[in-house]
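A.B. asks: Quick paste from TrEMBL:
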- 1-23: region 'Disordered' (REGION)
- 73-94: transmembrane segment (TRANSMEM)
- 100-118: transmembrane segment (TRANSMEM)
- 101-344: domain 'Fatty acid desaturase' (DOMAIN)
- 130-150: transmembrane segment (TRANSMEM)
- 190-207: transmembrane segment (TRANSMEM)
- 219-242: transmembrane segment (TRANSMEM)
- 254-274: transmembrane segment (TRANSMEM)
Amino acid sequence: MAPTQAMNPPHMNGQSSNKANGGKPWVSDLNDPDIRNAVPQDVPSIIDLKKSLPKHCFEGDLAKSMFFVFKDLSIAFFLYLGMLLVDYQPYLVIKAVYTPFYWFMQGTIFWSIFVLGHDCGHGSFSKYPVINDVMGTFLHTMIMVPFYPWKVSHRHHHKNTNNIDREEIFYPIREDYTKDGNDFRPFKPGFLGGISWWAYLIVGYFPRNNCHFNPFDPMYYQNFWGCVSSIAVYGVWMWVVYGYCEIVGLYYLATHYIIPVLVFGTWLVIVTFLHHTEVNTPWYADDQWDNVRGQLSSIDRDYGWAHSLTHNIGTHQIHHLFSKIPHYNLEEATAVFRQKYPHLVRRCDKPILSSFFRMFDLFEDQRHIKDDTKLFIYKTKQTQSKDD
């Protein structure tokens, strides 16, 4: 049987031991040479890792963070202004060209705005908790994200990264949970349409479900009032959105706002999925997991023209090891980490969309694992065929 916490994890920011493997010996899964080669060795402590990075990388600057807020909001405003001008000009060709451009670029900027709110959730936006929560609530609410509940669930993800039995999202599922047909089937168009992001906010990720709009969920009880206030602000914003719809109509609401929000959701799902899903990246059972190895299972990716625009979120290993590092210092910290610990680097430079389709197929095919699995990796279909 799977560990009991796998069905109903503590979801109150629980965390396994930070000691390397909790002092336990590695298990028989290491007899698989692919898994043995995937598990990092000679792993330093989190303290030694931190000492190896420049101290100034950990220092946030409120003025600099606010500059990025101003920049992103300005871009969003001028894109919206352009859409308004296009709406009221007579040339259909211009509208046909600018409208999809607007949807994609505004959705991308919404994703950039989300990343700034994400920094607020981690406390890397500034050294002032109240400012972080106020700015995070403002930035996330405007793109239809309940900030404080998401902050709590995201913190749970960081505390249990690549832990099969405690992770928040996209974890392998033990077969015990699916015996009664209780399962979900990954739906590629849902991933690409941002629909799965909304499904996650409303019902969570099977089998460890939770609703981000329910402050009474056990995950949120220690942060009840923060969640209530965030949901209340969200409700006010929904009233504003409804008022906008009353003025311009449903078509223009969808064109100006809803479709870009869905594009943002698509960005979020694909990026989150790819940062934690790749061939030969280990997942650990709870009794085999430790903090440093878990964080090292994050994968760095480059988003090309959108990489700096979306605030270097692709430098994900360092972000997971040290979430207090502001986004504008991630590149420098990552360069130092790669130089000093090349054997710990997980990096994929393959194109993003093809990587998503490749890994989605492997995820769909291999995500169900045996109840007694202690270590797990996704394998290429060629490698899997050889094993079989």
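Yeah, the Cβs are placed from backbone N, Cα and C, and that goes for glycine too.
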A.B. asks: Who are the chain neighbours of the transmembrane segment (219-242) in space, where the CB to CB distance is under 8 Å and they lie at least 6 residues beyond its ends?
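C.D. replies: That would be 11-13, 133, 137, 141-142, 144, 146-149, 151-153, 156, 210, 213, 253, 257.
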A.B. asks: Do any residues, 6 or more residues outside the transmembrane segment (190-207), come within under 8 Å Cβ-to-Cβ of it, and if so which ones?
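C.D. replies: 6-7, 145-146, 150, 168-171, 173, 177, 182-184, 213, 261-266, 268-270, 273, 356, 360.
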A.B. asks: Grab the same-chain neighbours of the transmembrane segment (73-94) for me: Cβ-Cβ under 8 Å, and only residues 6 or more beyond its ends, written as numbers and ranges.
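C.D. replies: Distant contacts of the transmembrane segment (73-94): 102, 105-106, 109-110, 113, 252, 255-256.
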A.B. asks: Could you please provide the mean pLDDT value for the domain 'Fatty acid desaturase' (101-344)?
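C.D. replies: Overall, the domain 'Fatty acid desaturase' (101-344) comes to a mean pLDDT of 94.
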